[in-house]
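TrEMBL annotations:
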DOMAIN    29-220  domain 'Cation efflux protein transmembrane'
DOMAIN    224-300  domain 'Cation efflux protein cytoplasmic'
TRANSMEM  21-40  transmembrane segment
TRANSMEM  46-74  transmembrane segment
TRANSMEM  94-113  transmembrane segment
TRANSMEM  125-147  transmembrane segment
TRANSMEM  190-209  transmembrane segment
Amino acid sequence: MLERLVEKLIKNKNKEEQRTKVGQIAGIFGLISNIVLFFGKLFVGFIASSVAILADAVNSLSDMVSSILTLIGFKVAAKPADRKHPYGHERFEYISGLAVSFVIILVGLQFLQSSFNKILEPESTTFSFGIFVVLLASIFIKIWQISMYKRLGQKIDSQTLQASGKDSLNDVFTTVTVVLSVLIEYLTGWQIDGVIGFILALYIIYTGVRMIKDFIDELLGSRPSDQQIQMMEAKLASYPLILGYHDLLIHNYGPQSKFASVHVEIDASWSLSYAHQVIDMIEKDFQKNLEVELVCHLDPVAIHDTQFLKINKELMNILAEFNEGLKMHDLRIKDHNVLQFDLVIPEEIMENEQQLLAEIRQEVSKRIGNYQLDVRLDHNYLL
């Protein structure tokens, strides 16, 4: 039913408008359901005199604030690029998610204190069938929220919505724990309400801290997903006209603003005009099929030079004997006695770079000849 409603509302809209609309729909549904949960839990919390239920109610209040921030975040993120923000405003979605995280931590700290006070001065809670029904209903509403946020978050590739889904899952655990604490006191007389509230408060704080880390990673520039890297590698490998590629870099300015650059190896005998025609085709293909703004750098390779091919092959063999992770590209033979190339060094052997270079120079001198090496160390963490 929800998916049919969403499809109806986003019909005849472009991809950016669809993304904004889906995000706003999720925010509105989340806001309405969290308002219902907040007042329901607040009501039974006062009736039962349970700090754990009240903590759960205020957690729903923080979810209301989160839904409002989600609505604002998608609204601002949808603004087009302007002179001050040439790459658009999509990263504001991460900022709104960061704000949600701080709200969650604040709520956790407040109830950490109130739960601690109730541990020192325990009070009996009241249990009734009506209280049990309200708490049980809130669990089912949260399960529905999890499903909604997950489906809509995947639909538009939104980390903010997926984080809201995780927060809803946390809410299910907290409410289940609250129900158990009320039942245990009703059945056994053990006053564990303050202890349960304290544990829930710690869990709420932990959730907020973890979310802050995730959103800061996005703002700083996190590693692209393996799926995204593999997809771009497969696309580059599908072009028969290029000899190879290296130095692939991927970055984004929001979920829909993806950029990349790559060095593509081409036949050195090509004319500049033809080479430009080939890379222009590649860049347009990336934009059309992957929605990535790609910039290609040309690296001509002298594939018809027998001396070059011989030296290149021997160098590759030498590097493979040292470490299978070592890679080389951009080989040039300068002034007949200088071998210039970029050496890609795996992260695990970076501490011994200079020693490694010295050993490679010795091996090159033995097997290739009296060449000087002009080596540029390359640390590419994507490939």
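Please read every residue number as a count from 1 along the shown chain.
Cβ from N, Cα, C; glycine included.
In TrEMBL, annotation is done automatically, which means it is predicted and not curated.
Here the listed stretches are 21-40, 46-74, 94-113, 125-147, and the one with the most C-beta pairs under 8 angstroms to the transmembrane segment (190-209) is 94-113. Three or more CB pairs closer than 8 A are found between the transmembrane segment (21-40) and the transmembrane segment (125-147), so contact between the two stretches is assigned (pairs 6 or more residues apart). Note: the domain 'Cation efflux protein cytoplasmic' (224-300) comprises 30 helix, 28 strand, 19 coil (DSSP; helix = H, G, I, strand = E, B).
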